[in-house]
Amino acid sequence: MVRIFLQMLFLIGGALTARGPHRGFLDLMVEDEALEGSGFLPPIVEHHRHRILQPPPERAMPRQPLCPFGCQCGRRVVQCSDLGLSEVPADIPKDTTLLDLQGNKITEIKDDAFKGLHHLQILILVNNKIVRIHARALVPLVSLQRLHLSRNNLLEVPTSLPSSLVELRLHENKIRKVPATALSGLAHLYALEMGDNPLENKGIENGAFQDLDRLAYIRISEAHLESIPKGLPSHISELHLDGNKITTVNDGDLKGLAHLSKLGLGHNAITAVANGSLEGARNLQEVHLNDNKLTTVPRDLRNLKYTRAVFLHNNDISALDAEAFCRTNGRVKKTLYTAISLYGNPIHYWDVPPSIYRCTAGNGALQLGNLRK
């Protein structure tokens, strides 16, 4: 057995000697170490070994967008509400699309407040103390669609508004004037909210609404208007003038408003609606004349084919004509009333002519309620 083992070693040694250049793994490793110490490694190999033996350099971390102190940032949204800020913070990320600054103590918007925010789409400045917005403060906001400036101390509509605006909310300010050029160029504006301002008719200059080609919704409620403003865009679908000092709806006030579907004139002091005044808005579907001083139902209602709801509660109507809401001569309205609100008027249900029910969707559509005391 020992002889056989020695013969195998001899054969293996001979084979290795015959091959010449082939060496064992330990021999190669020792030889490499010797070469490295002698400086005979080729430059490229030496460089390769250096990269392996040395720890890799630290990679530069990508720079993170800044976030104003105290604010919360994420997904292109920056929320800085209710922080007691006295001015628009710096270091707002340039890719921000929504900036919320409501509930602070900002009094002034300077020219460079929004510099570089070309991607901003929604700006919320509600419930601050803003008195002044500098002339060029909003110019950088070329992508702005919604601007909320409600509950501030503005005296006028801001100038240089971005032409990209779709929605502008200015209610609960101290606005007394709407210059003819204030809203110029806002061809994409869809909704305008200006309620609860001390705004009078004379404060709305001629042509103030002429460039608002897409305006569909306008609200000037709780103001000091004594009549329906002139020059309203012909394509508006909702007009809300509740809570003003309007006493009469005159012929021509709604002329050309063929797309108007909802009219809000509640909580005024209206005593009369002139014949033909509502026919200018022939597509009216909902009419609010509640909480006024009307003594009769406006005659135009019987001629409006698409009206579905009429709110006349809390007036002084004491009698109903047989054709108060629809004609009895065979001309039936295409749309039946779903709501006729008459509660709070000095009228009893037994005084309601039966013919009125023929143009309602059901007996429950006519709401009489209880008399006021």
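Including glycine, each Cβ sits where the backbone N, Cα and C put it.
Sequence annotations record features per position, and here TrEMBL assigns signal peptide to 1-17. According to TrEMBL, the feature domain 'LRRNT' maps to 66-98. Annotation source TrEMBL lists disulfide bond at Cys67-Cys73, Cys71-Cys80, Cys326-Cys359.
Within the chain carrying the domain 'LRRNT' (66-98), a Cβ under 8 angstroms from the stretch's Cβ atoms is held by residues 104-110, 113-114, 116-122, 124, 143, all 6 or more beyond its ends. On the 0 to 100 pLDDT scale, the model's mean across the domain 'LRRNT' (66-98) is 95. Annotation: Cys73 are the disulfide-bonded residues among Cys73, Cys326, Cys359 whose CA atoms are within 10 angstroms of the CA of Cys80 (disulfide bond).
In this structure, the CA atom of Cys73 (disulfide bond) is 57 Å away from the CA atom of Cys359 (disulfide bond). Each residue in the domain 'LRRNT' (66-98) gets a DSSP state, and the totals come to 0 helix, 7 strand, 26 coil. Of the recorded residues, Cys67 (disulfide bond) and Cys359 (disulfide bond) place their C-alpha atoms 61 Å from one another. Here Cys359 (disulfide bond) is positioned 58 angstrom away from Cys71 (disulfide bond), judged by their C-alpha atoms.
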